[in-house]
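Engineer: Let me give you the structure first, and then I'll get to my questions.
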């Protein structure tokens, strides 16, 4: 039987360890590395949001950049035009921008298409958003929206000053950990189980009395909202929302993270995002080497360990526990034989 | 007896091929109604039309006095239908136990509303207990933790039956419940189905090929031939019908 409590605790510990590891970075690294670590933390949740859709519901998105950019631009616009709005509310509204994009797109696309056709539609729609951004003066055209300030949060009993990169970095990693844990809870709760059931057999789930499309749409909106939240959190950190974040290459990133880390595991995209960040850092002085390394690594992972890095780890452990079990079983039979 | 399902003048064609022509079909409460017919007679299509997997081109289907002709499968399930598939459909990567949990939680969601299971991560105690009861009733004890995809053919069928029962349906529709089973598994399955029917007071609708199963379970028999019903009634009368013997039973 599955021990749900143990499973919950284990994953909570994993999240806490991740948070602790990221919390150490400012003490041991320079500002460049700190910046990268902050982006990796955001990418982790961005990857989780994509894999929630892919492994959690069975929907393939090639256009997650549109949500990310939606959140980033929403946040940038709010901070520029409504500076008096509380920071946390602005974040929520930024995330809602992505949710809204997902809702509008999902209502149209999920009714019409599935599988690869759906994926191609997400790509097309995402490109449309990218072009829209680069052509709209209000959104800064090709220059993007610059000079986004970092916030000072009024807490009532005091203020939380996040204007320094390090302070804001801590805000990022705490926010990302919270969202990651929330996503884990959702995926393992009854609703997440149902979505998983939809991925595994739509017809069976329908004939348990479930409106498939409604649930797919819900999942799509949740995924879009989380991706947009990542974008919204990033903007004050980089202090710019540029059109590159709406480009299709950004859509490929969570896919890369997931394939590297392992689609079948909840934390797969997290492992992939960290690895991806490390490669980026290791090859930062040689232009183009990063892409080559990632490409070769991806090829190797897909060909040699299709389950990703975590998939490999899990298989190793399963094999080890299996051999341990057969050993104890062997002992037991010899004992009973001796008993006779 | 009340009529639980009433289909009138159903027509169904796939492109140019007419599969069902002017078929009317009744299901009385409490009966075990078996539909037989040679291959290609339209049994599975009839089954799909009644369950809502596919829409009929014309005609009407009533369920408990409500018109369900335009409703999708999941909506008919919410109105009291449970069904199995010819090749058992289960959630392959989940354990057998989780399969049941999903089914029970889905029923609770339709009964009590979307928020019934909200706020919990693990399945609630009541859900777990119910799943365990179903496990014992259907003899799935040995296979609880295995991924459902690795179960034997017979266990998959039993698991699917358990999932359908978890919905607490009024009508249980089984599409060839013993397809691909060995003779001994077959008689076991017949015993299980009639057990379940008695215990839950179910109305059954089955399609079946195996005559032993048919006469072991049926309280009413309907014979389909080239998309039309040629006989319907008590099994022994249908068995004696000259036309039925000619097109179907005579072959055996």
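Each Cβ is built from the backbone N, Cα and C atoms, and glycine gets one as well.
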Engineer: With TrEMBL as the source, which of A:20-39, A:40-59, A:60-79 is set down as transmembrane segment?
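Structural biologist: Going through A:20-39, A:40-59, A:60-79 one by one, TrEMBL gives transmembrane segment for A:60-79.
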Engineer: Looking at the candidate ranges A:115-133, A:134-152, report the one that TrEMBL labels transmembrane segment.
Structural biologist: A:115-133
Engineer: Between the stretches A:115-133, A:167-186, A:255-279, which wins on the count of C-beta pairs under 8 angstroms to the transmembrane segment (A:85-108)?
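Structural biologist: Stretch with the highest Cβ contact count: A:115-133.
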Engineer: Against which stretches of its own chain does the transmembrane segment (A:291-313) lie, if we need a Cβ under 8 Å and a gap of at least six residues from its ends?
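Structural biologist: Those are 256, 258-265, 267-268, 271-272, 275-276, 279, 282-283, in sequence order.
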Engineer: Could you check whether the transmembrane segment (A:207-235) packs against the transmembrane segment (A:60-79) - three or more CB pairs closer than 8 Å, residues at least 6 apart in sequence?
Structural biologist: yes
Engineer: Please check if the transmembrane segment (A:115-133) comes into contact with the transmembrane segment (A:60-79), where contact means 3 or more CB pairs closer than 8 Å and the residues in each pair are separated by 6 or more positions.
Structural biologist: yes
Engineer: Near the transmembrane segment (A:255-279), which residues from the same chain, at least 6 beyond its ends, have a CB less than 8 A from one of its CBs?
Structural biologist: 11, 14, 18, 36-37, 39-40, 43-44, 46-48, 50-51, 54-55, 62, 180, 184, 187, 290, 293-294, 297-298, 301-302, 307-312, 314
